[in-house]
Amino acid sequence: GVRADVITYNTLVSAAGRAAQWPAAVRLAQRMAAEGIPPDVVTYNALIAAAQRAGEPEEAFDVLDRMRGAQVAPNGVTYSSLVAAASVRGQWQRAAAVVREMREAGHPPGTVAYTALIAACGRAGRCDEALQALEEMRAERVRPNAATFSAVLSACARRGRWEEALQALRIMDEEKVAPNERTLSAAVAACGNAGEAEEARRVFTELRGRGVRPNMMGYNALISAHAAAGQVAEAFAAAAQAEAEGLEWDLVTGNALIAACARARQWERAFAVFRDMVEERGLHPDTVTYNALISACEKGGRWREALAALEHMRRSGVPPDTITFNALIS
């Protein structure tokens with residue numbers, strides 16, 4: 001038969017990588033070696049990308065070691081893929097080290113590498129480092145894109161850094177990058193997580209007015225912002241608006257609405273939302289759902305209903321946590 005060459009194998013390894021099939025990519029590389037075909041930089045890059053997509057950063061860095069052992073020099077694509085691999089698990093220091101090494105090796109980091117670095121910082125809760133990476137990127141005349149700003153805003157959201165989130169939106173305008181639904185969700189969440197419900201609503205309305213069509217994640221960020229502020233009517237109005245736009249509630253929506261009811265001591269309404277979630281929408285409550293429901297009962301002085309919720313939780317096989325028991329004890 002026709003003997004496969006390095007190009008054929010690279011195509012196959014890349015296809016396995018795109019499908020996040022790390023074991024298949026490894027088997028192909030082993031077959032390649034058995035046939036005496038030496039892997040090239042494209043092969044190694046495809047293997048690193050496969051490990052990254054499969055969420056296996058250690059495997060990605062093992063490939064780099066093998067690459068160096070075979071005296072194949074990494075290129076810009078190699079380094080960018082390694083930053084992305086470190087980013088998957090929020091290994092921000094490792095991602096930063098790769099960006100430094102990339103620069104020293106004469107491969108200036110581009111948009112992909114910087115975006116992955118910012119995402120790594122965000123996942124690790126290192127908002128200052130994410131903002132610093134954005135500054136560095138701009139100082140080096142590397143143009144951020146929508147994914148970059150989504151990563152910056154997500155980093156701000158994790159820490160409730162709403163003022164920095166608004167500043168990132170201003171920079172986005174300066175860079176002439178159009179906001180999208182992910183940008184909207186993260187910016188609204190940053191305001192909501194800081195307890196700035198009015199600011200969350202303002203950002204939501206402004207970006208919507210600029211043509212961004214919010215998805216359910218964006219609406220959930222707004223509902224959660226109102227819920228955290230105890231603004232029950234506004235939370236339910238946002239949920240109704242989402243449905244009017246043809247979006248379907250998910251677990252986060254229901255949990256936020258029950259939490260809003262709990263803050264307002266509306267235990268009966270909390271149970272109504274719970275029944276709607278389970279009976280009408282086919283959602284499966286989790287620990288967060290039951291904790292919010294028990295909290296609503298506790299705040300309303302309804303200990304029998306709280307115990308009934310706990311029993312329902314037990315029968316559903318949902319594990320209680322410290323918050324569950326604290327709510328019951330209080």
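Counting starts with 1 at the first residue shown.
Each Cβ is built from the backbone N, Cα and C atoms, and glycine gets one as well.
Unlike curated records, TrEMBL annotations are generated automatically.
Residues annotated as domain 'PROP1-like PPR' in TrEMBL: 18-163 (among others).
Taken together, the residues in the domain 'PROP1-like PPR' (164-248) have a mean pLDDT of 96 on the 0 to 100 scale. According to TrEMBL, the domain 'PROP1-like PPR' annotation covers 164-248 (among others).
Per TrEMBL, the feature repeat 'PPR' maps to 5-39 (among others). The list of residues near the repeat 'PPR' (5-39) in space but at least 6 beyond its ends in sequence, with Cβ under 8 angstroms from a Cβ of it, reads 46-47, 49-51, 53-56, 59, 70, 72.
The repeat 'PPR' annotation in TrEMBL covers 40-74 (among others). Helix, strand and coil counts from DSSP across the repeat 'PPR' (40-74) read 26 helix, 0 strand, 9 coil.
Among the features that TrEMBL reports, repeat 'PPR' is placed at 75-109 (among others). Secondary structure counts, DSSP: the repeat 'PPR' (75-109) has 26 helix, 0 strand, 9 coil.
Residues annotated as repeat 'PPR' in TrEMBL: 110-144 (among others). Using DSSP to sort the residues of the repeat 'PPR' (110-144) gives these counts of helix, strand and coil: 26 helix, 0 strand, 9 coil.
According to TrEMBL, the feature repeat 'PPR' maps to 145-179 (among others). Panel annotation: around the repeat 'PPR' (145-179), residues 111, 114-115, 118-119, 121-122, 125-127, 130-131, 134, 137-138, 186-187, 189-191, 193-196, 199, 203, 207, 210, 212, 221 of the same chain, lying at least six beyond its termini, place a Cβ under 8 Å from a Cβ of the stretch.
For the repeat 'PPR' (180-214), residue counts in helix, strand and coil come to 26 helix, 0 strand, 9 coil, using DSSP. Annotation source TrEMBL lists repeat 'PPR' at 180-214 (among others).
Only residues 6 or more beyond the boundaries of the repeat 'PPR' (250-285), in the same chain, are considered here, and those with a CB under 8 A from a CB of the stretch are 216-217, 219-220, 223-224, 226-228, 230-232, 235-236, 239, 242, 292-293, 295-297, 299-300, 302, 305, 313, 316, 318. Summarising the annotation, TrEMBL assigns repeat 'PPR' to 250-285 (among others).
The repeat 'PPR' feature in TrEMBL is assigned to 286-320 (among others). Here the repeat 'PPR' (286-320) has, by DSSP, the following mix of helix, strand and coil residues: 26 helix, 0 strand, 9 coil.
Sequence-remote contacts of a segment are chain residues at least 6 beyond its ends whose Cβ falls under 8 Å from one of its Cβ atoms, and for the repeat 'PPR' (75-109) they are 41, 44-45, 48-49, 51-52, 55-57, 60-61, 64, 67, 116-117, 119-126, 129, 133, 137, 140, 142. Within the same chain, residues 146-147, 149-150, 153-154, 156-162, 164-166, 168-169, 172, 220-222, 224-226, 228-229, 231, 234, 242, 245 sit at least 6 positions outside the repeat 'PPR' (180-214) and bring their C-beta atoms closer than 8 Å to a C-beta of that stretch. Residue counts for the repeat 'PPR' (5-39) under DSSP, split into helix (H, G, I), strand (E, B) and coil, are 26 helix, 0 strand, 9 coil.
The helix, strand and coil residue counts that DSSP assigns across the repeat 'PPR' (250-285) are 27 helix, 0 strand, 9 coil.
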